[in-house]
Amino acid sequence: DIVAAVFQQMFPNTFFCTIPVRKDEGVQKLMFRWAALTKQLEIAETKLKLWGERPSVKLGAVMGFGGTSTDAIEHFRGQVREVEEEIKQARNDAWQDSTSRLTSAFVLFYDQFSATVAAQSVIHPEDGHIFSTQPAPGPDDINWKALWSTSKSRVVRRVIAFPLLLTIILFPAGLFSAAIANINLALCNTYIGSASEWYCGSAIDQDPGSILFQLISSSAIPSLLLSVWQTVVMPHALYSLTLFQADSYLKSKMDRKIAIYFLMWGFVNVFLGGMLGGMLELANLIADPQDVLARIGESMVRAANFFTQFVQLQTLVIAPLAMFQPHGGLWFYFIAMLLHKRCGGCCLLERDVNQTWEAKSYRYGREIPIHMLIFLLGTIYCTSSPGILPFCLAYFVGFWMVRRYQTMYVFERCYESGGLFWPLVFDAIIYFLLTFQIFMSAVLITFNAALPAGILFITVPAPIFLFRRYCHARFNTTARYLPLEMADRAPPAILDPALYISPPLRHGAAGWHPESRKAWSGYGMATSVV
């Protein structure tokens with residue numbers, strides 16, 4: 001083992017061992033099959049307990065027709081035993097097969113100082129290769145799928161994922177929602193027949209149905225559509241595409257990458273799309289690109305009502321609802337309860353109840369960008385539409401209480417990154433402040449105040465970027481790497497090498513769980529993709 005030989009030569013007194021990363025995809029698939037079969041066995045045993053007679057299952061049936069009937073309990077017990085033997089054999093094959101051994105490895109030392117020095121070094125072994133070393137993550141922060149991929153495959157995956165990511169980020173949810181918010185103006189300025197008369201008549205002539213429809217179409221529907229898109233569709237799509245790229249060997253890094261996608265979507269799609277699409281200003285800018293800042297300033301003021309309504313919905317509806325519905329698993333539980341009697345009392349097993357009510361992980365990559373979106377809207381509109389500020393303040397106060405309670409009693413961490421999410425949030429705040437300066441200048445130009453706008457362009461961006469540069473130089477490196485003086489004072493320690501072995505390859509699959517490899521556990525996310 002050239003890795004062990006190199007580190008043994010460099011650190012003869014403190015080197016412990018190397019743990020090569022092995023591919024366990026075959027064992028992982030068998031583990032999921034074993035979990036599904038044990039559930040079927042539990043269902044059959046529950047039916048025997050409830051009905052007093054042994055259930056049967058048809059083998060070889062086609063769409064419920066034909067096949068031979070056999071005892072369900074004995075059948076699933078036999079299948080579970082067969083899969084358990086297959087798991088043992090696949091685990092032995094993975095350990096003995098040299099092709100399952102990949103180019104990555106974990107290196108353990110007896111003291112922290114040697115590990116810190118090795119993690120910050122460029123090592124050239126005698127065979128001409130270069131060891132790319134970096135600090136090892138915690139065992140709970142490893143994204144094993146990324147360690148299996150080669151550099152070439154990661155490039156190909158990024159190329160394939162890029163157009164899909166671009167489509168999701170640029171999908172005009174905010175543009176369509178803002179257009180729906182202006183349906184009154186679109187219908188009532190142009191005569192289109194009796195429907196227009198019913199919808200746009202005076203308040204005296206309108207019936208209660210048309211008034212109610214106007215209120216729903218102009219206020220509730222746009223914000224509701226935007227919330228459904230960002231709550232259900234986007235998290236699953238972005239998580240799967242990030243997992244598909246296989247370039248984040250840490251769960252925390254994968255979460256931060258998803259957060260970047262959400263931040264880009266919030267700025268480009270919700271903010272710019274809602275602002276430009278709401279007044280059809282996007283078409284005007286393409287047709288006549290002159291006076292861009294003046295046009296943006298006008299559309300900012302006109303789109304203020306939509307964004308104020310969106311923040312109101314988040315504050316008055318979403319925040320209180322999050323206290324009673326912290327995650328979507330509760331809906332699956334209630335649906336299963338309704339179907340429970342229809343399948344003979346066996347739809348909802350004890351394992352299903354435990355899985356529904358067990359602590360879920362906090363989805364930092366999705367939740368924090370949503371909070372940052374409210375911060376962006378409050379910052380941008382704090383001068384042109386100050387009425388949004390009380391709702392932004394109420395949003396953060398309300399969600400502070402909700403998330404504080406849920407952090408203690410509902411959610412649990414899925415990994416520990418050492419606070420590396422904060423630099424991303426810091427950068428987002430810096431860029432949002434710069435965005436505020438640009439759009440504030442656009443509003444000033446709209447009101448014929450070109451001189452103050454020019455002063456803002458000259459005086460604001462440089463100090464903001466200098467402050468960002470200083471903070472990164474001062475704090476970012478020490479946040480990513482342990483200082484040597486602290487590593488030198490750390491006491492010696494010996495880690496169990498089994499911690500850095502993939503759970504399916506451990507003896508008895510110790511530590512394996514269907515959700516153990518997910519950065520977001522408990523939300524039905526994919527464990528691996530193609």
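Cβ coordinates come from backbone N, Cα and C, glycine included.
Annotated features in TrEMBL:
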type: DOMAIN; residues: 3-145; note: domain 'CSC1/OSCA1-like cytosolic'
type: DOMAIN; residues: 207-443; note: domain 'CSC1/OSCA1-like 7TM region'
type: TRANSMEM; residues: 159-181; note: transmembrane segment
type: TRANSMEM; residues: 258-280; note: transmembrane segment
type: TRANSMEM; residues: 370-398; note: transmembrane segment
type: TRANSMEM; residues: 419-439; note: transmembrane segment
type: TRANSMEM; residues: 445-467; note: transmembrane segment
Using a Cβ cut-off of under 8 Å, list the residues of the same chain at least 6 residues beyond the transmembrane segment (370-398) that approach it.
230, 262-263, 266-267, 270-271, 300-301, 304, 307-308, 310-312, 314-315, 319-320, 425, 428-429, 432-433, 435-436, 439-440, 443
As a test of reading the model: what is the averaged pLDDT for the domain 'CSC1/OSCA1-like cytosolic' (3-145)?
84
For the domain 'CSC1/OSCA1-like cytosolic' (3-145), jot down how many residues DSSP puts in helix, in strand and in coil.
76 helix, 32 strand, 35 coil
